[in-house]
Amino acid sequence: MTIELTPGGLLIAIEGIDGAGKTTLARSLATLLEQAGARVVLSKEPTNGPWGTQLRQSAATGRLSAQDEVDLLLRDRREHVEALIAPALARGEIVILDRYFPSMVAYQGAAGLPLDALLAANDFAPRPDLLLLLDLPPPTGLARIRARGDAPNHFETQDNLERCRAIFAALQLPGKHVIDASADADSVLRQAHAVVVAALADRLRVGATHTDAEKAALELLSAGRPA
């Protein structure tokens, strides 16, 4: 039994500063939704394509300017939207993104680029139905990065992450939900799961074409909340 959300699917973006637990939540949430019968596409930005690979290399070396990073991010995102995000949404699937355009606004905005211009440059990108913002104090995020054995890159300084956190907090986007990421991973998953179930329930309430099977699938999803 699956949940069909055509037309439009459901786009979930998971955002937050480095060390907030975005990748952990994205994977756990995708697994939980799939087990409940949802069709899920899990992806990330930057992608593993040529532009995304170049961006990750830049993050490690710090050799690109903020504007050069924006140019690569936009190329990567356009390819991502056209090849994966838009087709999956058209099929009525749930798309979960580990970072999306709000990260560009926060990180390149923290580097001094105008926030309005960064948002406008992403007008082509579908807006997320749900923006799950994992909020975390930067010292905690940096401690987590070191605990997993990674060396912080040039983005991952306390001052820069403070600026990024402030921009994330100030972003006014529909579907934004702030989640306390200082809690343990299970607690964060419970918070995110509740938000997603509520969004799916709203979609079924306003739709007139949903089948009994879809409603039963939603009940299964609701019952499958993490312990």
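Every residue gets a Cβ built from N, Cα and C, even glycine.
As the structure is a computational prediction, the values presented were derived from the model and not from experiment.
Look at Swiss-Prot and you will find Gly16, Ile17, Asp18, Gly19, Ala20, Gly21, Lys22, Thr23 tagged as ATP binding site, backed by sequence analysis.
Around the Cβ of Gly16 (ATP binding site), the number of neighbouring Cβ atoms within 10 Å comes to 26. The binding-site residues in question are Gly19, Gly21, and the one with the fewest Cβ neighbours inside 10 Å is Gly21.
Other Cβ atoms within 10 Å of the Cβ of Lys22 (ATP binding site) number 24 in total over all chains. Most Cβ neighbours within 10 Å, among the binding-site residues Ile17, Ala20: Ile17 holds that distinction in the structure as shown. Residues Leu134, Leu136, Gly141, Arg144, Ala181 surround the recorded ATP site, their Cβ atoms falling within 8 Å of the Cβ centroid of Gly16, Ile17, Asp18, Gly19, Ala20, Gly21, Lys22, Thr23, which are themselves excluded.
Following the DSSP three-state reduction, the secondary structure of Ile17 (ATP binding site) is coil. All protein chains considered, the CB of Thr23 (ATP binding site) has 13 other CB atoms within 10 Å.
Within 10 Å of the C-beta atom of Asp18 (ATP binding site) sit 22 other C-beta atoms, taking all shown protein chains into account.
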